[in-house]
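Taken from Swiss-Prot as is:
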type     : residues                : note
ACT_SITE : 204                     : active site, proton donor
ACT_SITE : 336                     : active site, proton acceptor
BINDING  : 162, 336, 365, 366, 387 : (2R)-2-phosphoglycerate binding site
BINDING  : 241, 284, 311           : Mg(2+) binding site
């Protein structure tokens, strides 16, 4: 009854107006699953590879080749298979691709099918996706990392860091956490406007003002938290995504906005000072993806008091994560389904992290869709943290809204992770 009888891939648009892959999977009993694949702007060199068309159509970014793979090779390989055997289906697709980075079939083709299969199987089981994937113990609602000021590759302004985030660690529910975030977001908008800054938003819904450096952005956020009636550090903590690989050049960190250059040790000390001066509890990609020595120095410096998240460093890859664990580098992994390209491998990365005492943060990409799968996966894995943008743009709020629904559905079983999500607090 749960055999796959039809798979349909199509080309749709993501939140940046670029093409992406959407996949429908239909089972023998009529159950249906649909998944749309996200895409990143700042991508790690070690990520699984998307299949794009090249040429002039959509300026080379079309995904007709990936859609053709879904409707052809992938359909032929898994039609008739049991959708409830996720591991076997994912492994079949990985073997069919045959490359180390999914460059033959395309991670966008494989992932779309992998997620749609899980959704169809969940429907066939009569279970919500978070319960189907996570089992009876899936009940933890994640603390959101809300990206309210954008810089770097996500915005057209002088700020070198990519994201400045707020974390409502003092809230008691996801519903309350979303309210905290919304109130600070709107307060920040007014303060920026009153100070003469533009209030246009970047790819992830955060503001992109022309501020001179990280401290200026953090000061605006601190003032807005207080003005909204919250206590910085107690009700709402701060987080950074430096995306340091983007400004790592010839062994140094080149801050073009500040017109400063820092070597790896100076970079680590700069981040340590920011974490000391502000209630920063999490720093993502503070060092470049292949600057392992810099990462080690940063981890030794502040890893016992600040969450250090590897995004480009680990690219949701269990093998790279195990290298980091062995070297004592970072203490957390950012989990992006399209970085690795299948649901099974995503879950494996979270499990590997948790077994080693590392935290895991479920994450969106800057190019998103209305698909809210990652909200379910955050609850399914009990990872306790989610990164899904600001409090604007429906591609971001779709995930918050899904978390609110899940919390309501869980009722008294639901537990908001709060401060406990960050083990060091």
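Here the Cβ of each residue, glycine as well, is placed from N, Cα and C on the backbone.
Note that the structure is predicted; figures quoted are calculated from it, not measured.
Structure with Swiss-Prot features highlighted.
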| residue | record | CB count, 10 Å |
| --- | --- | --- |
| 162 | (2R)-2-phosphoglycerate binding site | 30 |
| 204 | active site, proton donor | 31 |
| 241 | Mg(2+) binding site | 28 |
| 284 | Mg(2+) binding site | 28 |
| 311 | Mg(2+) binding site | 29 |
| 336 | active site, proton acceptor | 26 |
| 365 | (2R)-2-phosphoglycerate binding site | 27 |
| 366 | (2R)-2-phosphoglycerate binding site | 24 |
| 387 | (2R)-2-phosphoglycerate binding site | 30 |
Task: Sort the recorded positions 311, 336, 387 by C-alpha distance from the residue listed as 'active site, proton donor' and give me just the closest.
output: 387
Message: Roughly how many Å lie between the Cα atoms of residue 311 (Mg(2+) binding site) and residue 366 ((2R)-2-phosphoglycerate binding site), rounded to a whole value?
response: 13
Task: Work out the three-state DSSP category of residue 162 ((2R)-2-phosphoglycerate binding site).
output: coil
- prompt: Just checking the recorded positions 241, 284, 336: which sit within 10 A of residue 365 ((2R)-2-phosphoglycerate binding site), CA to CA?
  reply: 336
Statement: Residues sitting within 8 A of the centre of the 241, 284, 311 CB atoms (Mg(2+) site), not counting those, run 162, 163, 240, 242, 243, 283, 285, 309, 312, 334, 387
